[in-house]
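Participant: If you scroll down you'll find the structure; I have some questions about it.
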Amino acid sequence: MATHKLLLLPGDGIGTEVMAEVKRLIDWLNAQGIAHFETEDGLVGGAAYDADKVAITDATMAKAQASDAVIFGAVGGAKWDGVPYEARPEAGLLRLRKDLGLFANLRPAVCYPALADSSSLKREVVEGLDIMIVRELTGGVYFGEPKTITDLGNGQKRAIDTQVYDSYEIDRIARVAFDLARKRRNKVTSMEKRNVMKSGVLWNEVVTRVHAEDYKDVQLEHQLADSGGMNLVKWPKQFDVIVTDNLFGDILSDIAAMLTGSLGMLPSASLGAVDANTGKRKSMYEPVHGSAPDIAGKGLANPVAMLASFGMALRYSLDMGELADKLDAAIAAVLAKGLRTADIKSEGSTVISTSQMGEAILKEMQALHA
């Protein structure tokens with residue numbers, strides 16, 4: 001049985017509480033001989049700053065480089081608002097993404113049948129929803145230069161941000177999207193603003209070329225990003241895989257997130273390039289929700305997104321798709337029984353704590369392996 005090396009970075013706030021439920025599941029999988037995980041813990045974010053005055057140490061980064069996957073909790077909180085900019089908690093997350101070369105962000109938006117009434121949209125619009133948004137993570141306007149604010153000397157200022165994409169950056173993210181679609185419902189929707197942005201013209205051109213060269217078996221459509229945002233709300237089940245740039249991906253993935261009813265339900269993955277020698281890629285998995293310091297330590301946090309992020313690691317980094325399917329089924333079964341953390345409570349449901357939710361999901365996993 002293969003040994004999988006995992007680096008666990010709980011971070012701040014509720015990160016430690018939801019990560020505890022992943023550890024509980026890992027311990028059980030190891031004890032049952034279902035899988036073999038070697039885990040190491042590390043500090044990141046505010047916890048790392050308190051200990052070492054940096055958001056992540058070089059030693060922890062070395063562990064991340066050596067791992068098969070990084071499992072990340074959440075960082076940040078008002079406690080660290082006054083720390084130097086380069087040491088702010090979020091800098092640890094950004095360094096992980098940069099140094100591991102994580103260019104592809106995968107954000108699934110899945111609406112469990114038991115939670116369809118928690119969405120702000122009608123049940124018939126969102127029930128059965130299963131979208132994967134593939135966001136380019138290391139290019140675009142967030143990283144382009146120049147990025148300045150200039151005093152014009154006449155009482156006015158000018159701000160400049162620069163949207164930059166090279167062909168290879170678009171090519172590789174497109175391939176991630178097409179490969180995912182082949183394992184799903186075989187459809188990719190590419191979103192950009194080619195009508196007003198040159199980067200959108202190039203994006204459309206490269207995605208179209210990659211499709212024609214290597215993925216003719218996958219259905220490809222193009223939508224302008226603003227129209228795509230409208231369609232995400234109007235008719236979301238038309239989408240399978242959406243691929244888009246950094247800025248639009250940031251916006252569209254948050255829109256898709258709220259179709260499902262709660263940020264506490266949503267996992268994500270960030271992937272690097274496939275190593276030509278090993279066939280593996282650097283990766284990090286994290287819930288979409290933040291550190292939520294206002295509820296930290298109260299047992300109110302929803303661990304589903306953290307557990308589902310571990311499920312994505314099983315599927316995309318550890319070649320354990322069957323086990324990931326069972327974890328997804330366990331989560332769905334718990335929700336179908338009406339068990340809820342406070343963020344997803346509804347009339348007639350039973351509200352339980354973070355640890356009780358983790359325990360309930362583990363019991364369903366045990367039943368599936370009986």
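Even glycines carry a Cβ here, placed using N, Cα and C.
Since this is a predicted model, take the numbers as computed values, not measurements.
Pasting the feature list from Swiss-Prot:
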{"type": "BINDING", "residues": "77-90, 290-302", "note": "NAD(+) binding site"}
{"type": "BINDING", "residues": "ARG97, ARG107, ARG135, ASP226", "note": "substrate binding site"}
{"type": "SITE", "residues": "TYR142", "note": "site 'Important for catalysis'"}
{"type": "SITE", "residues": "LYS193", "note": "site 'Important for catalysis'"}
{"type": "BINDING", "residues": "ASP226, ASP250, ASP254", "note": "Mg(2+) binding site"}
Participant: Looking only at C-alpha atoms, tell me how far ASP254 (Mg(2+) binding site) is from ASP81 (NAD(+) binding site), rounded to the nearest Å.
Facilitator: 24
Participant: Nearest to LEU300 (NAD(+) binding site) by Cα distance: which of the recorded positions ARG97, ARG107, LYS193, ASP226 is it?
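Facilitator: Nearest by Cα distance to LEU300 (NAD(+) binding site): ARG107.
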Participant: Quick one: give me the count of other CB atoms within 10 A of the CB of ASP254 (Mg(2+) binding site).
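Facilitator: Within a 10 Å radius of the Cβ of ASP254 (Mg(2+) binding site) lie 15 other Cβ atoms.
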Participant: Tell me, if you would, which residue among GLY77, PRO89 (binding-site residues) has the fewest other CB atoms within 10 Å in the structure shown?
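Facilitator: Fewest other Cβ atoms within 10 Å, among the binding-site residues GLY77, PRO89, is found for GLY77.
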Participant: In sequence order, which same-chain residues at least six apart have a C-beta under 8 angstroms from ASP250 (Mg(2+) binding site)?
Facilitator: ARG135
Participant: Between ASP226 (substrate binding site) and PRO89 (NAD(+) binding site), what C-alpha distance do you get in Å?
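Facilitator: That comes out at 32 Å between the alpha carbons.
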Participant: For the recorded Mg(2+) site formed by ASP226, ASP250, ASP254, which further same-chain residues have Cβ atoms within 8 Å of the site's Cβ center?
Facilitator: ALA225, GLY229, LEU247, PHE248, GLY249, ILE251, LEU252, SER253, ILE255
Participant: For ARG97 (substrate binding site), name the DSSP secondary structure in the helix/strand/coil scheme.
Facilitator: helix
Participant: How big is the gap, in Å, between the Cα of ASP81 (NAD(+) binding site) and that of TYR142 (site 'Important for catalysis'), rounded to a whole number?
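Facilitator: ASP81 (NAD(+) binding site) and TYR142 (site 'Important for catalysis') have their Cα atoms 21 Å apart.
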Participant: Taking only the residues the record lists as binding substrate, namely ARG97, ARG107, ARG135, ASP226, what is the largest Cα to Cα distance between any two of them, in Å to the nearest whole number?
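Facilitator: Pairwise Cα check on ARG97, ARG107, ARG135, ASP226 gives a maximum of 27 Å.
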Participant: Look up ARG135 (substrate binding site) in the DSSP assignment and reduce it to helix, strand or coil.
Facilitator: strand
Participant: Starting from the Cβ of ARG107 (substrate binding site), draw a 10 Å sphere and report how many other Cβ atoms land inside it.
Facilitator: 23
